[in-house]
Amino acid sequence: MSRMAEQQLYIHGGYTSATSGRTFETINPANGNVLATVQAAGREDVDRAVKSAQQGQKIWASMTAMERSRILRRAVDILRERNDELAKLETLDTGKAYSETSTVDIVTGADVLEYYAGLIPALEGSQIPLRETSFVYTRREPLGVVAGIGAWNYPIQIALWKSAPALAAGNAMIFKPSEVTPLTALKLAEIYSEAGLPDGVFNVLPGVGAETGQYLTEHPGIAKVSFTGGVASGKKVMANSAASSLKEVTMELGGKSPLIVFDDADLDLAADIAMMANFFSSGQVCTNGTRVFVPAKCKAAFEQKILARVERIRAGDVFDPQTNFGPLVSFPHRDNVLRYIAKGKEEGARVLCGGDVLKGDGFDNGAWVAPTVFTDCSDDMTIVREEIFGPVMSILTYESEDEVIRRANDTDYGLAAGIVTADLNRAHRVIHQLEAGICWINTWGESPAEMPVGGYKHSGIGRENGVMTLQSYTQVKSIQVEMAKFQSIF
């Protein structure tokens, strides 16, 4: 693909040049080619976007629930019509296999938008009787202008997960995509405008997180920030949001999730789940189950089943329908993952497979890392303690249920957890003791629109998806009505 035209900001229904004068490049990680130069939003651009959003939000909030619902449904239709086009762009920008982006990224994002479009007319208040002459009623009102800050692993899906409930509740959103993968969020802005969204209700500001993101979190005109990213960055976003104007926040942060295989489990099922929990999207999924606990007596058999499945991984041309494994998203991220792999070797973990870059025709110029499985791991190893965010599985053994629950919870993270067992009683007993916000039994990874997702501990605050997320983009106004004569003591 030839280099794209320079990408601008999207403010008030159209493209506009950044006032900062700064740009950055976005790279195709499969081959290292530059996809596009992208303009970076500065402080003045954030001010412009907020002013635009304030104007648009008033128009949007004044529309009826059914009018807003119809517009968002039109956006859903356009997303589905352009699924393949958007998936190709997402593959170029992220490196993910087209077999994945064409069936997951836009599809699941559109599903979430459709879900919230349907919920808009059901967003209602309550009535509370006090006595015969007085009652209270409540209204759920939009917050105003909110900000979404996305991560680089699911660019358009995250933009939809954040914008869908925000817009459904009557807010305007300013979205800052990751500077690593900024392209599809700009396309989403075009689609919203085409669907009839008033100008300013969805503005997109590409830029460097440390600058553009900080300007958004500090801006007094922003009522809420929804952030997806790493724990350290999330803490900065939360601190800036609180210090500036006590903004509400939703944080979807990192994870080091446990996958527990019990001795009664079907090991073929367990191996299939472990593969999806570690190598889907080349391991760049925040909920990945990278700490795989297996009974000591099952370890050898489980390892053989994993090795057999690693042979089924197909890396290569990301547009080949048979490819199911792409490069990492960037060269700096590849180098970071390789440092973790080197650390695992240094600390005594045994490499079962992988452990290096992928080499050969088609791989040398890209950010490729081989699917890697470590075994003979211990809880104190760096690869077991820290989030790697790459195709690296760690296999650990255990002896008892109580032991594995304790060890699974021995982490600062609490995003996800899962178990594989044939015993339904054990499944619920163990899941209820695991300290994680998203849990799976005999499956892994699905996050449907109806399911609230978010983390415990350092893995986040608040939830995305589900009814409660729509409510989190509103504020409740309570009104007391008195029909009798008011009595004053003065």
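Every residue gets a Cβ built from N, Cα and C, even glycine.
Just so it is clear, the model here is predicted, and its values are computed rather than measured.
Residue density at I27 (K(+) 1 binding site): 21 other Cβ atoms are found within 10 A of its Cβ, drawing on all protein chains shown. Taken from Swiss-Prot, the feature K(+) 1 binding site covers T26, I27, D93, V180.
Taking Cβ-Cβ distances under 8 Å and a sequence separation of 6 or more, the neighbours of E179 (NAD(+) binding site) in its chain are F24, T26, V38, A40, P206, G207, V208, G209. Marked as NAD(+) binding site by Swiss-Prot: G150, A151, W152, K176, P177, S178, E179, G230, V231, A232, S233, G254, C286, E387.
The active site, charge relay system annotation in Swiss-Prot covers K162 (among others). Counting Cβ atoms from all protein chains shown, K162 (active site, charge relay system) has 27 others lying within 10 Å of its own Cβ.
Sequence-distant neighbours of G460 (K(+) 2 binding site) (same chain, six or more apart, CB under 8 Å from its CB) are G234, T250, M251, E252, L253, L415, G437, G454, listed in sequence order. Here Swiss-Prot flags L246, K457, G460 as K(+) 2 binding site, drawing on sequence analysis.
Long-range Cβ proximity for E248 (site 'Seems to be a necessary countercharge to the potassium cations'), meaning a same-chain Cβ under 8 A and a gap of 6 or more residues, is found for L143, A223, K224, V225, S241, S472. DSSP gives E248 (site 'Seems to be a necessary countercharge to the potassium cations') a strand state. The site 'Seems to be a necessary countercharge to the potassium cations' annotation in Swiss-Prot covers E248.
Here Swiss-Prot flags E252 as active site, proton acceptor.
Sequence-distant contacts (6 or more apart, same chain, Cβ under 8 Å) of C286 (NAD(+) binding site) comprise A151, N153, T228, E252, L253, G254, G255, F389, L415. The secondary structure of C286 (NAD(+) binding site), as reduced to three states from DSSP, is coil rather than helix or strand. Here Swiss-Prot flags C286 as active site, nucleophile.
Per Swiss-Prot, the feature cysteine sulfenic acid (-SOH) maps to C286.
Annotated active site, charge relay system per Swiss-Prot: E464 (among others), in sequence order, evidence recorded as sequence analysis. Less than 8 angstroms from the CB of E464 (active site, charge relay system) sit W161, K162, P165, S226, T250, E252, P452, V453, G454, each of them six or more residues away in the same chain.
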Between V231 (NAD(+) binding site) and K457 (K(+) 2 binding site): CA-CA distance (Å): 11
T26, S233 as binding-site residues, winner by CB count within 10 A: T26
Spatial neighbours of G150 (NAD(+) binding site) that are distant in sequence (at least 6 apart) but have CB under 8 A: I158, A159, K162, F175, K176, P177, S178, A185, T228
Fewest other C-beta atoms within 10 angstroms, as judged across V180, V231, L246, which are the binding-site residues: L246
Neighbouring binding-site residues, C-alpha within 10 angstroms of D93 (K(+) 1 binding site) - of W152, V231, S233, L246: W152
